[in-house]
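For reference, Swiss-Prot has these:
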- 1-26: signal peptide (SIGNAL)
- 29-57: region 'Disordered' (REGION)
- 68-528: disulfide bond (DISULFID)
- 85-484: disulfide bond (DISULFID)
- 124-130: region 'Involved in fusion and/or binding to host membrane' (REGION)
- 157-222: disulfide bond (DISULFID)
- 179: N-linked glycosylation site (CARBOHYD)
- 208-216: region 'Involved in fusion and/or binding to host membrane' (REGION)
- 254: N-linked glycosylation site (CARBOHYD)
- 275: N-linked glycosylation site (CARBOHYD)
- 315-362: disulfide bond (DISULFID)
- 368: N-linked glycosylation site (CARBOHYD)
- 372: N-linked glycosylation site (CARBOHYD)
- 385: N-linked glycosylation site (CARBOHYD)
- 408: N-linked glycosylation site (CARBOHYD)
- 411-451: region 'Disordered' (REGION)
- 455: N-linked glycosylation site (CARBOHYD)
- 550-587: disulfide bond (DISULFID)
- 562: N-linked glycosylation site (CARBOHYD)
- 599: N-linked glycosylation site (CARBOHYD)
- 614: N-linked glycosylation site (CARBOHYD)
- 628: N-linked glycosylation site (CARBOHYD)
- 733-753: transmembrane segment (TRANSMEM)
- 754-845: topological domain 'Intravirion' (TOPO_DOM)
- 802-845: region 'Disordered' (REGION)
- 811-822: compositional bias 'Polar residues' (COMPBIAS)
- 830-833: motif 'Internalization motif' (MOTIF)
């Protein structure tokens with residue numbers, strides 16, 4: 001190549017690089033992938049049948065473009081390298097019936113009865129046109145025991161009650177009447193576990209007959225509430241359905257902890273009544289069986305419930321499941337119990353629980369009934385083999401184990417040959433298969449002495465069954481040990497591979513794309529973030545600005561979801577987007593690159609995009625070895641629920657919030673009418689006045705509407721003025737100002753009153769204050785007649801001057817007349833004359 005041609009070639013390359021760089025900046029060398037991926041092979045191959053290996057990835061997550069290196073921290077994991085495989089060789093297996101008991105978390109539920117009397121005092125005001133309730137006060141008190149006996153037997157009570165307030169005993173009587181015996185009636189409710197009985201459900205709120213007075217009305221209501229209560233372990237208190245908490249054990253009578261003093265440390269009075277009679281409402285008047293009841297008296301009510309024994313009322317354990325067919329496997333230090341119904345193993349020590357029947361005597365009847373029912377179901381195939389044993393598992397469960405032995409073919413043959421003979425005694429447990437075969441061989445030889453051909457057939461069949469069972473058990477034991485060892489080795493292999501590429505290892509383990517990295521001896525795993533699939537653009541060129549350096553993977557521009565910023569990265573394996581662009585390599589003269597995205601494969605030749613091919617056109621490596629295990633029965637793992645949802649709901653809290661709130665709201669809404677009366681008047685108010693007036697003048701048409709609007713406006717204005725004045729008085733500054741004004745008015749009235757009294761007592765002195773200090777004239781003191789004449793002359797002079805002023809006022813025109821005359825004269829052209837200063841206004845001269 002000549003220097004000129006070499007220079008031309010170099011210039012062409014430089015120009016091409018500049019063109020590629022400019023195109024990259026303008027995003028002209030990018031293209032978008034399809035946003036709706038289809039499974040690989042859908043375009044050229046038939047769909048994969050179940051059981052066949054698909055050529056593409058199965059997880060949809062691998063089809064999404066994602067970023068896996070954005071998170072810094074994640075969940076920590078480690079590999080368990082100390083796992084060992086148990087040795088199940090030569091273990092003794094025993095069939096039997098298994099009963100599993102769990103801890104009883106359901107609270108103790110029992111019936112209680114609440115007694116109380118409620119005195120309601122209502123203050124009613126009677127006005128001229130309206131009545132209003134101005135106050136309401138309720139006073140609940142417990143019912144004395146003698147009256148409780150009357151209420152429990154006949155559903156009757158007294159209409160009065162005595163209340164001691166601050167040392168003063170007050171008596172309240174219903175309807176302000178005399179004390180009588182009244183009946184209790186059932187009151188409807190919402191829930192079935194609460195029943196109320198009232199003697200007076202209606203509040204007495206009648207106003208007085210004379211306007212302007214207040215009346216206090218009294219209502220006395222006897223109340224019985226039958227409901228349930230709940231008490232949780234350790235049963236030192238209980239809660240009723242209405243939310244009342246009582247700090248007394250429901251079993252205090254049997255535990256000798258009930259206090260018989262008037263008041264114990266909790267402020268409660270506890271009393272035990274023997275042979276107390278309680279009848280139902282439908283059976284009132286009868287004589288049922290008496291019972292011992294506990295009565296607790298608080299400051300507001302009395303509670304009672306039947307006395308029960310704790311050992312019979314509650315049991316610390318409850319039956320969870322019964323397994324008629326289960327297997328007990330003996331290990332070195334423990335027993336393992338398994339059953340086909342569940343995919344779990346119960347582990348218990350080799351030592352049974354001592355004194356189980358004495359500690360949990362409440363379970364004796366239940367255990368015997370359940371075991372007898374299970375034995376009856378297995379009577380045709382199994383017989384009991386030993387006594388019942390009790391074990392305590394490591395998880396806190398109690399196991400009741402009844403060993404059972406299968407009726408073998410020899411016993412069946414003996415029963416068929418001699419139906420009247422009793423079944424042979426059950427053999428004791430055997431430890432190995434060899435001992436079972438030896439014992440069976442001896443029994444077979446003894447049975448075969450009769451020379452019967454059928455006996456030989458039975459023994460041959462039994463021997464073949466034993467050989468097959470031993471061989472299958474041995475094969476299964478070897479398979480289980482080999483499988484466990486393989487899992488341990490796989491665990492070690494995964495651990496070593498994770499040192500090379502933790503992300504690939506954790507992605508394979510999780511089955512979905514994740515990001516992983518080592519943080520010391522642990523692995524931090526984070527979720528990948530899916531990007532906006534429609535914003536992903538893959539660059540068509542793998543060239544960089546440097547001549548000898550090319551990208552090993554194509555550049556990608558994308559956006560995150562709910563973001564408008566454009567980011568740049570590189571396309572990683574399986575559609576992962578790497579946030580860096582440092583995966584580069586030395587440029588080669590001829591090379592090809594294949595990058596798989598979704599169901600397509602991008603082909604790059606000489607670091608430039610060439611074409612797109614179907615991913616299924618690339619052959620896959622078959623690394624799977626098919627193993628057909630269809631003849632083996634599968635085990636469906638099921639979630640084991642130790643406690644049902646009802647038990648969890650009952651154990652979560654002893655408060656029945658649903659019943660409490662429903663009953664409270666229902667009981668509150670029953671008094672809605674009375675509450676409305678407390679907020680407003682009964683007979684008449686402003687709105688009712690306007691409404692009645694509008695009904696009266698409704699027939700007047702437009703005039704009536706105008707009258708109603710004017711009346712409504714006037715009433716509203718007056719109400720607003722009165723309300724504003726009252727609010728002004730309620731304000732601190734307004735109140736102080738009104739107090740000062742009132743005090744000033746009182747002082748002014750007081751001063752005017754004194755002045756009036758002084759004028760009435762000494763009018764002359766009031767006019768001439770220094771009249772007493774003036775010396776009498778030298779001519780002598782005036783006589784009384786002269787003084788009277790002087791006073792009379794002064795009075796006449798004052799009357800004459802007042803008459804002249806009145807006449808002058810009458811003769812003087814009013815302001816309106818003067819204004820009218822002035823306007824009339826101005827309209828005629830007259831002007832007022834100006835008077836000289838030296839002319840007298842009287843003479844005009």
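Even glycines carry a Cβ here, placed using N, Cα and C.
Overlay of Swiss-Prot annotations on the structure.
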| residue | record | Cβ contacts under 8 Å, 6 or more apart |
| --- | --- | --- |
| 157 | disulfide bond | 117, 143, 147, 150, 151, 181, 182, 184, 199, 222 |
| 179 | N-linked glycosylation site | 158, 159, 160, 173 |
| 315 | disulfide bond | 104, 360, 362, 363 |
| 368 | N-linked glycosylation site | none |
| 372 | N-linked glycosylation site | none |
| 587 | disulfide bond | 543, 547, 548, 549, 550, 607 |
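Across the structure, residue 528 (disulfide bond) and residue 562 (N-linked glycosylation site) place their CA atoms 16 angstrom apart. Distance from the CA of residue 562 (N-linked glycosylation site) to the CA of residue 68 (disulfide bond) is 18 Å. Taking the C-alpha atom of residue 599 (N-linked glycosylation site) as reference, the shortest distance to any of the recorded positions 275, 385, 484, 614 belongs to 614. Checking each of the glycosylation sites (275, 385, 562, 614) against residue 484 (disulfide bond), the C-alpha distance stays within 10 Å for none of them. Here residue 562 (N-linked glycosylation site) is positioned 32 angstrom away from residue 614 (N-linked glycosylation site), judged by their C-alpha atoms. In three-state terms derived from DSSP, residue 372 (N-linked glycosylation site) belongs to a helical segment. Within the compositional bias 'Polar residues' (811-822), the DSSP-based counts of helix, strand and coil residues read 9 helix, 0 strand, 3 coil. Cα spacing between residue 385 (N-linked glycosylation site) and residue 275 (N-linked glycosylation site): 49 Å, rounded to the nearest whole number. In this view, residue 385 (N-linked glycosylation site) is surrounded by 17 other Cβ atoms within 10 Å of its Cβ, with every protein chain counted. If you take the Cα of residue 275 (N-linked glycosylation site) and the Cα of residue 562 (N-linked glycosylation site), they are about 77 angstrom apart, rounded to a whole number. DSSP assigns residue 362 (disulfide bond) to a helix. The least crowded of the glycosylation sites 562, 614, judged by other CB atoms within 10 A of its own CB, is 562. Counting other Cβ atoms within 10 Å of each Cβ, the lowest count among the disulfide-bonded residues 362, 528 belongs to 362.
Ranking the disulfide-bonded residues 68, 222, 484, 550 by other CB atoms within 10 A of the CB puts 484 at the bottom. Under DSSP, residue 484 (disulfide bond) is assigned to a helix (H, G or I) in the three-state scheme. The secondary structure of residue 275 (N-linked glycosylation site), as reduced to three states from DSSP, is extended strand. Within 10 Å of the C-beta atom of residue 275 (N-linked glycosylation site) sit 9 other C-beta atoms, taking all shown protein chains into account. Cβ neighbour count for residue 599 (N-linked glycosylation site) (all protein chains, 10 Å cutoff from its Cβ): 20.
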